[in-house]
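Copied over from TrEMBL, here are the features:
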| type | residues | note |
| --- | --- | --- |
| DOMAIN | A:254-404 | domain 'YDG' |
| DOMAIN | A:481-542 | domain 'Pre-SET' |
| DOMAIN | A:545-681 | domain 'SET' |
| DOMAIN | A:691-707 | domain 'Post-SET' |
| REGION | A:105-140 | region 'Disordered' |
Amino acid sequence: MEQGLGSNYIPTSGGPVDKSRVLNVRPLRCLVPIFPSPPGMSSFSSPQTAPFMCVPPTGPFPPGVAPFYPFLVPTETQAVHSGFSNTIPSPVPINSFRTPISAVANGGTGLSRRSSKNRTPEGAVMDEDYSDSPNQSDFSMHVADHDHEYTTRKAGKRKGNSQKKTRNDVDIDSVANSFLASFNLTGVDTYRQVDGDKELIRYILMMYDLLRRRITQVEDGKEATPGVTRRPDLRAGTILMNKGVRTNVNKRIGAVPGIEVGDIFFFRMELCLVGLHAPIMAGIDFMSFKDIQGGERLAVSVISSGGYDDNTEDGDVLIYSGQGGNINRKDKDVEIMDQKLERGNLALEKSLRRANEVRVIRGVKDAVNPTGKVYLYDGLYTVQQSWVEKGKSGVNVFKYKLVRVPGQPEAFTMWKSIQQWREEDTATSRTGVILPDLTSGAENLPVSLVNDVDDEKGPAYFTYFASLKYQKPFNLPKPSLSCSCRGGCQPGDLNCPCVQKNAGVLPYTALGVLLIYKSLINECGPSCLCPPNCRNRISQAGLKIRLEVFKTKDKGWGLRSWDPIRAGAFVCEYAGEVIDVSTAQELEREKEDNYIFYATGTTGSLEVTPGNFKETPRIPFPIVISAKNCGNVARFMNHGCTPNIYWQPVLRESDNESYLHIAFFAISHIPPMKELTYDYGTAQSGKAEQRKKKCLCGSLNCRGHFY
DNA sequence: CAGTCTCAGTTGTAT
DNA sequence: ACAACTGAGACTGTA
């Protein structure tokens with residue numbers, strides 16, 4: 001035990017853009033991390049022999065065809081001892097750190113206990129009926145068994161007060177239930193995973209994001225109730241926690257399976273769901289060991305998010321402030337007092353003596369969305385010193401010096417470098433910068449051109465053009481309605497024709513993040529009267545993310561981002577010249593054009609989401625785009641069999657004319673400087689063999705070629 | 001020892 | 001400005 005605590009770190013191989021971190025997801029343009037292999041057939045254990053799973057390229061893809069993720073429960077031995085031991089550092093047997101009783105009682109099974117009782121035999125959720133129960137004492141008992149924990153807590157707290165579910169709660173409940181139903185998750189939560197892996201984590205985060213965005217969408221269409229703060233992040237998190245859609249529930253010291261140094265998160269809830277940091281508010285997570293003499297407790301992770309006066313000047317050292325003392329409590333009438341050596345502070349003190357590794361998560365400002373925060377997992381640290389000092393508020397504050405364990409991939413230091421490049425504007429301090437802005441101002445953000453790999457001075461000549469050149473638009477048989485929302489289209493405005501075209505809901509959040517996956521997005525067109533910053537013109541508004549074109553090791557030029565990218569965020573569109581199919585085929589034959597994008601019928605964007613959230617992309621009329629002579633950053637995006645970007649058809653209509661565009665969105669959260677890739681797709685016609693190319697994406701289930 | 005209660009503890013969003 | 005909600009620990013009830 002003793003020696004185990006200090007020595008359970010095995011550096012993950014490779015740097016921050018290590019190919020091994022690419023998720024093991026089924027090929028094709030599939031948004032869903034799909035888990036075709038039952039335990040034992042995991043492609044982790046046999047990456048070479050993993051069968052190439054292929055959806056017929058011509059479709060059709062009726063709803064429900066894609067296997068939803070069954071939440072296979074791998075036995076612990078498989079998870080720990082089979083393929084995983086090679087890829088995920090877990091040198092200390094997980095069991096030896098598992099809190100014997102208390103953590104289990106308070107953690108996982110606690111939830112399971114509560115949430116599995118209230119099922120009818122059919123597994124239906126008992127939901128609405130109790131809300132009018134006149135018997136208040138009975139009521140709390142009834143509610144204590146209720147499915148939704150948040151309701152329970154509310155009701156428990158406000159015993160005797162208003163216990164009616166608001167209309168709002170009911171709405172969200174039904175949304176959540178239908179959401180979960182589409183995952184076949186309304187049943188008893190036997191799905192909780194002991195240990196995660198990359199796919200599971202990706203899947204959970206995707207579910208979280210979908211549900212959160214879905215709730216946002218429902219809330220969005222409604223009038224804001226004064227005095228009620230809408231927290232879709234908490235709502236979605238609570239629901240998934242109660243359903244057991246989470247992993248790494250048991251706390252552990254050191255690395256967390258499936259999470260890599262440099263991974264980013266946008267909500268505290270996400271950290272909780274994947275088991276990186278359990279408390280949703282507190283900055284210090286710790287676990288106790290009853291088997292150690294005196295029931296010692298050790299810190300397992302800390303979040304430095306700016307609430308306290310932490311020092312983060314040196315990227316590899318963190319001066320962390322203890323918790324408590326009411327220093328950050330905004331409530332009135334709370335007295336600020338000296339911090340005590342208890343809870344997290346005590347745990348950090350013990351961790352100093354035991355020298356165990358502590359995960360550090362750094363909360364940093366999001367350049368794209370200044371009101372939000374990004375949580376950056378910065379790897380393992382050890383506590384080196386502790387002391388007490390008088391803080392700004394005049395009370396005693398505990399301070400802990402944490403030092404980063406060497407040999408880990410860059411994360412926070414990379415972040416700091418990027419900040420510096422940003423401030424310098426010209427990025428002169430950086431080696432390998434060829435051009436500070438290859439667009440020559442054609443985009444509203446610069447796009448740098450960098451080569452720190454070899455001597456090549458840049459890609460072949462082309463004209464930078466930020467959008468699509470149509471020779472002639474598609475003519476509509478009957479005129480399309482344009483909106484007249486001078487203040488921008490509003491989510492709840494059912495009179496707006498643009499909202500109507502999108503089945504009654506705007507496809508984007510207020511931050512410009514795609515809300516749900518649709519077969520086709522109808523944006524406002526040239527004749528709409530709404531302003532250019534209308535929420536329904538996201539793909540027309542230009543770059544929002546600071547991108548750079550860089551020389552890859554073996555795939556020519558590629559695209560990556562300085563900014564962290566949220567799942568669902570718009571990245572760029574595919575610019576170029578719209579050409580006709582026959583021209584394209586000619587170019588193909590002569591191997592003239594490697595920059596052709598086909599959006600023709602059923603091929604292409606097969607990105608789908610699980611369950612009912614899947615929609616087959618609908619392309620109203622086929623287009624072929626050539627970006628050989630003119631194009632934008634999208635022409636540099638490489639193919640990846642496990643992509644982090646997908647494309648989506650977007651229609652912009654104007655009176656009798658219709659323009660189809662191809663917009664790229666992030667599949668998952670993408671850390672800065674990670675290469676952006678999308679799936680170039682599979683063969684859709686006999687001619688396709690001519691386009692077949694060898695794939696160098698390097699992902700675990702690379703299918704070896706693309707088109 | 002199991003169940004119930006209290007409260008510390010910050011965040012994200014609305015104003 | 002504010003309400004959101006988990007988990008730990010304290011407390012209570014039962015075997």
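Note that the numbers count up from 1, one per residue, in the order the chain is shown.
Cβ from N, Cα, C; glycine included.
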Residue counts (helix, strand, coil, in that order) that DSSP gives for the domain 'Pre-SET' (A:481-542): 8 helix, 6 strand, 48 coil
Arithmetic mean of per-residue pLDDT over the domain 'Pre-SET' (A:481-542): 88
Counts by DSSP class (helix H/G/I, strand E/B, coil) across the domain 'Post-SET' (A:691-707): 1 helix, 4 strand, 12 coil
DSSP-assigned states of the domain 'SET' (A:545-681) in counts, ordered helix, strand, coil: 16 helix, 56 strand, 65 coil
